[in-house]
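**Student:** As listed in Swiss-Prot for this protein:
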{"type": "ACT_SITE", "residues": "52", "note": "active site, proton acceptor"}
{"type": "ACT_SITE", "residues": "63", "note": "active site, proton acceptor"}
């Protein structure tokens, strides 16, 4: 039976709408983790498909400056993995949450304990950007009997045979990385990006979402046209931190009709 994240995103895809997943940094709020539910419900009320929730880490190798600084602010507020898990247990939401964490915080907490402690929460997906596919067995056995999907990341340099290997048996969605580099860098897309995304669609039987560098209305239109939806991080994080209006951008993303 498919996991909840797979079912919910496939249901959105079936309507012809683009899937929209904003990223937020847990604890990057004037109230620290006490403000997490407020942010989640703000985004839920705007109709987002799912929410990616980042765990702060001191050495975020895949993150650009906006998200790295958000992580430092969160750590300064006292955010810990344990405290986040306890906070997530108290949050009620109808949309799936996807945790983005580097492997170190997960390892320190204990993978088995982490998964068990999230069992009764809204967390339905897990992204670990620094965990090689060859080491997925460090995590996958603990997810097998849960409703949490391990999300595969596929880069632009991934050949088709490797794509098949990464995607085989995956649930939730495929995270297609739009740029070679860190999050937040926009506009420097490779000429063969659309071809790469089309190829991903041929081998994936779950939604393909494009992320890294997606930040403008033009990006929304481009990537919704060649994938099933988008993930937006740095733009959302920056707007929430600086108190900038972001509602119209999110509404446009949520309403996108293919």
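Including glycine, each Cβ sits where the backbone N, Cα and C put it.
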**Student:** Using C-alpha atoms only, work out the spacing between residue 52 (active site, proton acceptor) and residue 63 (active site, proton acceptor) and round it to an integer in Å.
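**Tutor:** Taking the Cα atoms only, residue 52 (active site, proton acceptor) lies 14 Å from residue 63 (active site, proton acceptor).
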**Student:** May I ask you to report the DSSP-based helix, strand or coil state of residue 63 (active site, proton acceptor)?
**Tutor:** coil
**Student:** Please state whether DSSP places residue 52 (active site, proton acceptor) in a helix, a strand or coil.
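**Tutor:** Going by the DSSP assignment, residue 52 (active site, proton acceptor) falls within a strand, counted as strand.
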